[in-house]
Amino acid sequence: MNQAILWHPPASRPPTVEHRKTLNITLWLVAIGLFMQTLDTTIVNTALPAMAASLGESPLRMQSVVISYALTMAVLIPASGWVADRFGTRKVYFSAIVLFTLGSVLCAVSQNLSQLVASRVVQGAGGAMLMPVGRLVILRSFPQERLLPALSFVAIPAMVGPMIGPVLGGWLSEQFSWHWVFLINIPVGLAGAIATRTFMIDKREKQPASFDGVGYGLLAFGMAAISLSLDGFSGRATGHATVVLMLVFGLISIVTYWLRAGRQAAPLFSPTLFHIHTFTIGLLGNLFARLGSSGMPFLLPLLLQVSLGYSPTHSGLMMLPVAAAGMLSKRLATSLITRYGYRHVLVVNTVLVGLTIVSFSLVDVSHPVWTQVLLMAFFGAVNSLQFTAMNTLTLKDLGQQGASSGNSILSMMQMLAISLSVTVAGGILAAFSHLVDHGAPEDALAAFHATFICIGLLTAASAWIFWQLSPDVPRESKKDDSLDLG
């Protein structure tokens, strides 16, 4: 049996008033948990310069704060379904909120960058369980006729969190201090933990499937080693020989997992999923297209504050057009795919995303703000369309048997892509900063411009992956937006 989340909608029966109340509270708890988790993927970005100043670090070398959170989530997501089956959804969700809140406290009291990175790992460990376990609670608790509205409801905070995160992070760090970026999680986390313990529906498997611990260890080590080795190339204290060895062992670990999984009766993720052409192309496209675009939420606030002189609040407000245009453009995805097909939409749009990223290399202090707003909005629109089309392509042909496992792989790959993207963007920025840094603001701006060109071209080149799709790939999209993972 595959170890990803398996679910069967409960039989439809008239709920009692008490049961309906419990369902509604559970729905709100999951929505709040998703909001906390998605908020913390973006709220930190606009506060990074303030953190750097407080901790005595360069703002251009703060990527490890973002990488540690995303990488921890990528590593732990594959185990979330089995953990929930083994210990029960209520206990695991409660523990996730407590761990996330504890991580927030540790982040707020960190005295140096190493402590902050370690605390973000703790926070990411809690966040890794919030999203998949919360979704699992809904899938196993709500009757079929209420399932779609329930999923649509919890999708709203998952979209709102990343939109207000940059503004809130900038405002808190400017008006108070960067510590409040993490301290605001404490009251919400405490209230959520108490409510979860009291009200949340508890679901668990009487006989949970066996867990492929060896396979999980190989996959987790491989992802962590590859990401950390790439970060090591950006000029950390780790010697290059150690970094190369880490990269080699990471690749060996991934290959070993793949070869071993094909011989296992119950692997962590079945290799047969990759026999589905659209799934394989969608997953590879998700990884490589995001290598460039997922680094932009990290780069843009730094560009605005470090090189253009914006305040933290102003830089956060400048990110609003990205999120707003992204939400609006999602509505165009279905009609465009239906009319032109996945291949044409993804090839053209991937190139557009890449060229838009490259165009940020033209931004400087002489350009009026409205041109920057338009560029931000256009990037948000094409990037959101890209994510929606890629996610739909990846999951569309899996069927009921493979949907759960495929969704888990996609969630893991998305968080891994964020980690790798920030690693690559931060490494390129650090390299160019070292080459041109003479202490003047225009030197930092030149480093940003060169970085945008590099990651933009990398994104555009990934269009080749989507070119491998057959032109006759079915165009209809039956996937609901509520299931879109962003």
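Note that Cβ sites are derived from N, Cα and C of the backbone, with glycine treated the same way.
As recorded in TrEMBL, the features of this protein are as follows:
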- 26-474: domain 'Major facilitator superfamily (MFS) profile' (DOMAIN)
- 60-80: transmembrane segment (TRANSMEM)
- 92-111: transmembrane segment (TRANSMEM)
- 117-138: transmembrane segment (TRANSMEM)
- 150-172: transmembrane segment (TRANSMEM)
- 178-201: transmembrane segment (TRANSMEM)
- 213-233: transmembrane segment (TRANSMEM)
- 266-289: transmembrane segment (TRANSMEM)
- 309-328: transmembrane segment (TRANSMEM)
- 340-363: transmembrane segment (TRANSMEM)
- 369-388: transmembrane segment (TRANSMEM)
- 409-432: transmembrane segment (TRANSMEM)
- 444-467: transmembrane segment (TRANSMEM)
Contact between the transmembrane segment (150-172) and the transmembrane segment (369-388) (at least 3 Cβ pairs under 8 Å, separation 6+): no
Segment confidence, the domain 'Major facilitator superfamily (MFS) profile' (26-474), expressed as mean pLDDT: 85
Recorded stretches the transmembrane segment (340-363) and the transmembrane segment (266-289) touching, at least 3 CB pairs under 8 Å: yes
Criterion met for the transmembrane segment (60-80) and the transmembrane segment (409-432) (at least three Cβ pairs under 8 Å): yes
Which of 92-111, 117-138, 266-289, 309-328, 444-467 contacts the transmembrane segment (178-201) most, counting Cβ pairs under 8 Å: 92-111
Long-range neighbours of the transmembrane segment (369-388), counting only residues six or more past its ends (CB under 8 A): 289, 293, 296, 300, 318-319, 321-330, 332-333, 336, 345-346, 349-350, 352-353, 356-357, 359-360, 363, 481, 484, 486
Tertiary contacts of the transmembrane segment (444-467) (same chain, 6+ residues out, Cβ under 8 Å): 60, 281, 284-285, 288-289, 291-293, 295, 299, 302-303, 306-308, 342-343, 346-348, 350-351, 353-362, 364, 421, 424-425, 428-429, 432-433, 435-437
